[in-house]
Amino acid sequence: MPSNKSVSDAPIVQFTNCRILRSPRLQREDLWVREGKILNPEKLFFDEKGSADIQLDCKDSIIAPGFIDVQINGGFGVDFSLATDDFRSGIDLVSQKILSHGVTSFCPTLVTSPPSVYHQVLPQISIRNGGAHGAGILGAHLEGPFISKEKKGAHPEHCLRTFEAGAFQDLLATYGSLDCVRIVTLAPEMKRSSEVIRELTKRGICVSLGHSVANLSQAEEAVQHGATFITHLFNAMLPFHHRDPGIVGLLTSDKIPAGRRVFYGMISDGIHTNPAALRIAHRAHPKGLVLVTDAIAGMGLAPGRHTLGQQVVEIDGLNTYIAGTKTLSGSVATMDTCVRHFQEATGCSVETALEAASLHPAQLLGIEHKKGTLNYDSDADFLMLNDGLYVQATYIAGEEVWRQDALGM
């Protein structure tokens, strides 16, 4: 058979004996990879007359797109909301460690902080591809400080801000730069929030509604101005009420602009959201559900005292509270745990659970043409999982970056 080298010198890897998640179902077929991309085997055979250079037996594993975590505050002792001298090495550590949880891309998240923290930290976050060094960075998620005092959750009240006469200029002055920012969470009931939402959206930044006492019409107005996400649904917002369902009502609103989809984050850790609430949200709007960890610095560490930005938090089992209170403050859940809990709690299919952590966050960020799927020509960021949805190996750009066996397990 003629060589495929006429098109590229790069080796072609064929992953065999596997079930691939090709939306919307698992299919028993091989996965072909070259130069970090998913290859169309028909083109390879018929156009290039090529074949595989390397074959890998996946031993009946599930192959799914890599997970994308759009809300993670830190982990392994690293807090993204603390301006430290070694911030870059901290973010490198987290990006390396979350490979074992199946996360191949993420948005480092900063909770409400003083302007000085944003000015110091944001220039140190750079958008980059993943690899053996760790998961890719898609840009920062800034959760606050333009949020509601009543629903501040674990955010420090003295750092909260409102939009004054300058509105968008106030936001720019607070953050210092929007160069690496991908998501901004704000409360849509704030005065002048509409013009801020429009300006952020114009710049390709995703606006998320959260930590808010907004009613449904205020939330709908924010969506009409460009907001597309809800930060950790049910948490830090008005509870659902049948006469005014608040932000939760966006899941079944008939005022969403044609062709637009509202996505919503869910912390599926068994603590932040009762399984019944998880089921209600999923059944109401399955295509919008995005699993997030909302993990804090204490993820991966023993129980005890840790930080979340300006606050001290205590980890007690799987619960994390602001020290001395019963206010929940982020989670210590890992993304693969959230996927398994979501599937168990809702009884959804394996495919649905996996897409909530891969395809949906990619669609939210508008990167589904290259991430979150295993379509031809997309990035070869994928996982091998067993039937229990435990991660066995993580690949980025077609290269193995983590394997369970490597730990002698």
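Including glycine, each Cβ sits where the backbone N, Cα and C put it.
Positions annotated as active site, proton donor/acceptor by TrEMBL: ASP294. For ASP294 (active site, proton donor/acceptor), other Cβ atoms within 10 Å of its Cβ number 29.
Annotated Zn(2+) binding site per TrEMBL: GLU143, HIS211, HIS232, in sequence order. On its own chain, HIS211 (Zn(2+) binding site) has GLU143, GLY144, ILE147, SER148, LYS151, LYS152, GLY153, HIS155, THR185, ALA187, THR231, ALA236, MET237 as residues at least 6 apart in sequence with a Cβ closer than 8 Å to its own Cβ.
Cβ neighbour count for ALA236 (substrate binding site) (all protein chains, 10 Å cutoff from its Cβ): 25. Among the features that TrEMBL reports, substrate binding site is placed at ALA154, ASN235, ALA236, ARG243, HIS272, LEU328, SER329, GLY330.
The annotation domain 'Amidohydrolase-related' is assigned in TrEMBL to 62-401.
Over all protein chains present, the Cβ of HIS232 (Zn(2+) binding site) has 25 other Cβ atoms lying within 10 Å. For the recorded Zn(2+) site, residues GLU143, HIS211, HIS232 set the reference point as the centre of their Cβ atoms, and the other residues of that chain within 8 Å of it by Cβ are GLN71, VAL111, GLY144, ILE147, GLY153, HIS155, THR185, SER208, GLY210, THR231, ASN235, ALA236. Calculated from their C-alpha atoms, the gap between ALA154 (substrate binding site) and ASP294 (active site, proton donor/acceptor) amounts to 12 Å.
Cα proximity to HIS232 (Zn(2+) binding site) (within 10 Å) is found for the following recorded positions from ASP294, LEU328, SER329: ASP294.
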